[in-house]
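Asker: Sharing the features that TrEMBL gives for it:
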type	residues	note
COMPBIAS	169-184	compositional bias 'Acidic residues'
COMPBIAS	205-215	compositional bias 'Basic and acidic residues'
REGION	1-34	region 'Disordered'
REGION	149-215	region 'Disordered'
REGION	228-250	region 'Disordered'
REPEAT	286-320	repeat 'WD'
REPEAT	330-371	repeat 'WD'
REPEAT	416-448	repeat 'WD'
Amino acid sequence: MDLLQNYDEELDENPNSSPDSSPPRLLPSKSAAPKVDDTTLALAMAQTNQTLSRPIDPVQHAVAFNPTYDQLWAPVYGPAHPYAKDGLAQGMRNHKLGFVEDAAIDSFVFDEQYNTFHKYGYAADPSASEGNNYVGDLDALRENKGISVYNIPQRDQKKRKIEKKNEAKEEDGEDGDAPMDSTEELSNPATDVWLTKNRKSPWAGKKEGLPTELTEEQKKYAEEYAKKKEEKNGERAEKGEAVVDKTTFHGKEEKDYQGRSWIAPPKDAKATNDHCYIPKRLVHTWSGHTKGVSAIRFFPKHGHLILSAGMDTKVKIWDVFNSGKCMRTYMGHSKAVRDISFCNDGSKFLTAGYDKNIKYWDTETGQVISTFSTGKIPYVVKLNPDDDKQNILLAGMSDKKIVQWDMNTGQITQEYDQHLGAVNTITFVDNNRRFVTSSDDKSLRVWEFGIPVVIKYISEPHMHSMPSISLHPNSNWLAAQSLDNQILIYSTRERFQLNKKKRFAGHIVAGYACQVNFSPDGRFVMSGDGEGKCWFWDWKSCKVFRTLRCHDGVCIGAEWHPLEQSKVATCGWDGLIKYW
């Protein structure tokens, strides 16, 4: 009924409307796309924009977004809160005047403002707001139109130059008109007149002081200083450490009943040596050195005596054939002896020590004939093997040079300085016209004797340092102890080529300058090693022939007796010399 009543009311309100016509309906528009809530997206975008513009806090340990390069390397701007627990201040005074803030200001800008403030009384304030950008004297700021010391107008610059010139002229005029009584002031350096007259720029050269007489005390001091300087220069000329040379003879008598010297070789020593054999057992041990033995050398041609260089600063010579005792000790070095070398007849020998001295000794008497030094450590000493050049000494030094002395005059006659490291060996080849040197620079260099120009330079990437080189008895080959635990063979002909077919290995020598040597007939190669063994190889087959357990520690030196076919001497860092 209610519905009918409503219908009647509607008809009364619209008398023109027919019941047949229906009211128009507007359908709502529909989108095919699903409805998305874009609030989250808008917030995310806003946050991204905010992070891109937001500086990174320097004390935070993790960055939650991917910052740009500019953000990462932006300087720290703005004041740090003195009470914030950010690791910087935490309310503590960080300067004697209070709390100092970090600010990113270019050094040039700082200098400009600092100097401007000291000159004009105002400067730009880096931390001020835009309304008040300057501190200091604002009146001066308006007068100078805000210029700094580094941008003075050109007219002002010219003005300053003219003012300076006028000042200089006035000073000269004043000096010209100066009365006679100011001459005393001019001559007195303590007065302002003297200072203005003698004013010079710091680059005008040294000022000549007024000539004054020295007092007696000053003269005395000057003489003492001159004497000290002379003494110092004299010591520098010596260069090596000065040691009193001493010698001790340990034998029964220096001459026998026939008047022959104790160094004279026995007449019955046979000089024929057709065939060499490898030693099998220990014959004798010489012990007298308190520290390791660094080198041994048999007496040339006969081998009835053996010379040893010790790390206890002493050089000793031992009897081989008869008593087997120490015959003489030579004491002339203050540090360990590095190398020794006999002259051709054995009557004299050279020693090189870590005290930077090279000494030339008389074998029989133990007297030092001469001493040589350059102020550097000699690592190897050699005399020219020619009989007519026995006065020429070559020494390989720690400063990469090979120095040549004439022992008659004591003068350095030549210096060979092409090596790039300390020189380790000197070996004469080609009838003593040339010599080969090895060095810590891992190269071999061949020199013409007397000419400091390298005629052959051998250096390969695979090469190691070669601290010991020995010449084959037939003079055609060089055996070089390489620190990669092998012995390499080089030809002594024109090209100095490496013989790749001959290579002796098996021993451990890395880090030690173990001596390599040949048997007098050239059939065997011999070397000590870092484990105290002595190794023998066959020259033809390159195979290991025998190893002898010789020393505790390093077996540094090994020499074949020049006459006896199967006898070998070895020395080691245990202080012993052994005869096999």
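Just so it is clear, glycine is given a Cβ too, placed from its N, Cα and C backbone atoms.
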Asker: Report the mean pLDDT of the predicted model across the repeat 'WD' (286-320), rounded to a whole number.
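Answerer: Mean pLDDT across the repeat 'WD' (286-320) comes out at 86.
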Asker: By DSSP, what is the split of the repeat 'WD' (416-448) into helix, strand and coil residues?
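Answerer: Secondary-structure composition of the repeat 'WD' (416-448): 0 helix, 19 strand, 14 coil.
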Asker: Can you break down the repeat 'WD' (286-320) into helix, strand and coil residue counts using DSSP?
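Answerer: Taking the repeat 'WD' (286-320) as a whole: 0 helix, 20 strand, 15 coil.
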Asker: Pull the DSSP breakdown for the repeat 'WD' (330-371) and write it out as helix, strand, coil residue counts.
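Answerer: Final tally across the stretch: 0 helix, 23 strand, 19 coil.
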